[in-house]
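Database features (Swiss-Prot):
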{"type": "REGION", "residues": "1-48", "note": "region 'Disordered'"}
{"type": "TOPO_DOM", "residues": "1-108", "note": "topological domain 'Cytoplasmic'"}
{"type": "COMPBIAS", "residues": "38-48", "note": "compositional bias 'Basic and acidic residues'"}
{"type": "TRANSMEM", "residues": "109-129", "note": "transmembrane segment"}
{"type": "TOPO_DOM", "residues": "130-144", "note": "topological domain 'Extracellular'"}
{"type": "TRANSMEM", "residues": "145-165", "note": "transmembrane segment"}
{"type": "TOPO_DOM", "residues": "166-180", "note": "topological domain 'Cytoplasmic'"}
{"type": "TRANSMEM", "residues": "181-201", "note": "transmembrane segment"}
{"type": "TRANSMEM", "residues": "203-223", "note": "transmembrane segment"}
{"type": "TOPO_DOM", "residues": "224-236", "note": "topological domain 'Cytoplasmic'"}
{"type": "TRANSMEM", "residues": "237-257", "note": "transmembrane segment"}
{"type": "TOPO_DOM", "residues": "258-272", "note": "topological domain 'Extracellular'"}
{"type": "TRANSMEM", "residues": "273-293", "note": "transmembrane segment"}
{"type": "TOPO_DOM", "residues": "294-364", "note": "topological domain 'Cytoplasmic'"}
{"type": "TRANSMEM", "residues": "365-385", "note": "transmembrane segment"}
{"type": "TOPO_DOM", "residues": "386-398", "note": "topological domain 'Extracellular'"}
{"type": "TRANSMEM", "residues": "399-419", "note": "transmembrane segment"}
{"type": "TOPO_DOM", "residues": "420-427", "note": "topological domain 'Cytoplasmic'"}
{"type": "TRANSMEM", "residues": "428-448", "note": "transmembrane segment"}
{"type": "TOPO_DOM", "residues": "449-460", "note": "topological domain 'Extracellular'"}
{"type": "TRANSMEM", "residues": "461-481", "note": "transmembrane segment"}
{"type": "TOPO_DOM", "residues": "482-493", "note": "topological domain 'Cytoplasmic'"}
{"type": "TRANSMEM", "residues": "494-514", "note": "transmembrane segment"}
{"type": "TOPO_DOM", "residues": "515-526", "note": "topological domain 'Extracellular'"}
{"type": "TRANSMEM", "residues": "527-547", "note": "transmembrane segment"}
{"type": "TOPO_DOM", "residues": "548-614", "note": "topological domain 'Cytoplasmic'"}
{"type": "REGION", "residues": "595-614", "note": "region 'Disordered'"}
Amino acid sequence: MKGLSSLINRKKDRNDSHLDEIENGVNATEFNSIEMEEQGKKSDFDLSHLEYGPGSLIPNDNNEEVPDLLDEAMQDAKEADESERGMPLMTALKTYPKAAAWSLLVSTTLIQEGYDTAILGAFYALPVFQKKYGSLNSNTGDYEISVSWQIGLCLCYMAGEIVGLQMTGPSVDYMGNRYTLIMALFFLAAFIFILYFCKSLGMIAVGQALCGMPWGCFQCLTVSYASEICPLALRYYLTTYSNLCWAFGQLFAAGIMKNSQNKYANSELGYKLPFALQWIWPLPLAVGIFFAPESPWWLVKKGRIDQARRSLERTLSGKGPEKELLVSMELDKIKTTIEKEQKMSDEGTYWDCVKDGINRRRTRIACLCWIGQCSCGASLIGYSTYFYEKAGVSTDTAFTFSIIQYCLGIAATFISWWASKYCGRFDLYAFGLAFQAIMFFIIGGLGCSDTHGAKMGSGALLMVVAFFYNLGIAPVVFCLVSEIPSSRLRTKTIILARNAYNVIQVVVTVLIMYQLNSEKWNWGAKSGFFWGGFCLATLAWAVVDLPETAGRTFIEINELFRLGVPARKFKSTKVDPFAAAKAAAAEINVKDPKEDLETSVVDEGRNTSSVVNK
């Protein structure tokens with residue numbers, strides 16, 4: 001693989017060569033401008049209003065300038081692509097430290113969602129919350145939040161997330177990633193007041209629905225921003241950091257809830273304090289995001305090339321000519337990728353995600369990939385405290401188990417970073433599902449026994465499930481859903497995929513509530529059989545349909561999908577996404593300077609088209 005320094009040196013040599021050519025010969029554009037001036041004296045229009053159109057680049061006497069320029073830009077893009085693919089991790093960190101830092105900052109917004117969704121499930125096991133909002137179970141003598149309200153509260157925040165995700169698409173199109181995130185943080189800070197001053201489950205439902213809207217925004221933009229602002233060598237780490245933020249949020253929630261159980265067991269602060277702590281995040285995050293660079297991919301799609309260049313400069317370390325050349329080559333690569341996608345369709349709408357076979361396949365894979373987080377039984381982990389209580393452990397022990405579980409999840413995500421150097425995306429996804437299935441079947445078997453040891457064993461194995469989930473499918477999904485879509489449709493595809501997840505999550509939540517609640521199905525640990533089966537079904541889909549994207553740049557992934565390469569052959573298939581563009585450049589019919597030159601003429605407020613004969 002060609003090194004980054006040699007790549008920059010070749011670029012310098014080409015620039016020096018062009019300067020020599022300009023000094024030793026007459027520039028073709030200058031020659032033609034003289035000719036145009038002579039023609040203007042004989043014509044009726046004012047040459048001061050003449051504008052060149054997109055195709056009006058004039059070749060030199062050898063008829064080589066246009067192909068050379070196109071081929072050079074394509075070569076720069078290809079070399080930048082090769083450099084990105086072969087860049088070691090430490091080189092990437094030294095070259096893009098600012099990009100990594102900005103990505104970490106933006107992804108930290110997900111801590112809030114992981115925190116709030118975790119405390120909601122933990123409230124169902126908190127005695128003061130149960131007595132305040134629950135009803136007495138005549139069979140057990142304990143207070144419980146009814147299944148209907150548990151389902152309703154879950155549906156409310158998921159409905160809010162669906163609405164928020166759909167609003168994110170047009171908002172990003174209009175104002176970009178940064179200002180959309182800042183606006184979402186502002187609204188979240190306002191909506192938390194409803195939760196803090198709640199007087200009934202109805203108020204909590206309204207607060208959850210409204211808070212779900214900014215959470216939906218965070219779900220989409222953290223992943224897309226990380227994938228677009230960082231190079232391939234950092235992409236897995238910074239997209240899967242989203243999962244780490246979820247785990248941190250859940251761990252914070254478990255620690256806060258254990259504190260509430262110990263210190264505020266009979267006080268409203270037991271649930272008000274966890275709500276109030278959410279105000280810690282919005283202001284500092286909004287200030288940080290305000291100073292973050294906008295995604296250069298979004299800026300190029302909007303035609304703001306100069307701003308995209310400045311954004312790239314802010315993500316790279318170093319200074320001087322070498323940095324400028326690296327920025328130029330990276331910009332060429334982004335423009336080439338987007339131009340190739342735009343040739344397939346001029347617009348980037350939700351309909352484009354499904355209207356043709358290529359994008360329909362990519363959207364399907366992204367949706368089913370994220371749905372896998374539901375169908376693998378991971379939602380049972382979110383209700384772990386409630387599950388542990390139903391398994392027969394004390395409330396205090398249940399909260400302790402939850403803390404251990406989330407710590408294991410964080411450790412597993414870090415291990416997945418190490419494993420990603422040796423395993424592909426598909427490998428982590430598939431092996432994680434296989435191990436989860438085994439653990440769930442064992443949990444189901446233990447659920448058939450009423451002994452204390454069996455109950456404790458099922459609770460301990462749920463921690464093992466959480467470990468394998470956060471080692472495999474949980475983090476890798478965040479990377480896959482950012483790599484599978486085209487750059488032009490990335491935000492919209494992620495929105496559709498996450499909303500597919502949210503819709504299925506509604507069904508999964510209802511099932512879990514019925515499986516665990518003593519007044520309904522009361523399956524308890526036996527629900528492991530159910531989720532073990534769904535893990536195997538999800539694994540079967542992955543084997544057939546989920547491609548391996550590890551080590552592939554965005555433009556390579558585009559080409560693999562364009563060629564219709566089967567999922568299991570993605571890893572071994574070699575492609576040259578620049579070959580077609582090179583061929584097109586070589587076939588350009590360059591006109592002789594003596595032939596007609598078509599230009600666009602703007603004459604005194606009206607547009608006309610003229611052919612100037614030289």
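Residue numbers in this text run from 1 along the chain shown.
Placed from the backbone N, Cα and C atoms, the Cβ positions cover glycine too.
Counting residues 6+ beyond its ends, the topological domain 'Extracellular' (258-272) has Cβ neighbours under 8 Å at 119, 123, 126-129, 132, 196, 395-396, 399-400, 402-403 in the same chain. Counted over residue pairs separated by six or more positions, the transmembrane segment (461-481) shares fewer than 3 Cβ pairs under 8 angstroms with the transmembrane segment (145-165), which leaves the two as not touching. When each of 145-165, 181-201, 273-293, 428-448, 527-547 is checked for Cβ pairs under 8 Å to the transmembrane segment (365-385), 527-547 comes out on top. Of the Cβ pairs linking the transmembrane segment (428-448) with the transmembrane segment (527-547) and spaced 6 or more residues apart, 3 or more are under 8 Å, so the two regions touch. Only sequence-distant pairs (6 or more apart) were considered; of these, at least three Cβ pairs between the transmembrane segment (181-201) and the transmembrane segment (273-293) are under 8 A, so the stretches are in contact.
Using the rule of three or more Cβ pairs under 8 Å, pairs at least 6 apart in sequence, the transmembrane segment (399-419) is in contact with the transmembrane segment (237-257). If one looks beyond the topological domain 'Cytoplasmic' (166-180) by at least 6 residues along the same chain, the residues whose Cβ comes under 8 Å of a Cβ in the stretch are 106, 213, 216-217, 220-221, 224-225, 289-290, 292, 294-295, 298-299, 350, 491-492, 495, 499. Residue counts of the topological domain 'Extracellular' (258-272) by helix, strand and coil are 10 helix, 0 strand, 5 coil (DSSP-based). By the Cβ criterion (distance under 8 Å, sequence gap of 6 or more), the transmembrane segment (203-223) is counted as touching the transmembrane segment (109-129), at least 3 such pairs being found.
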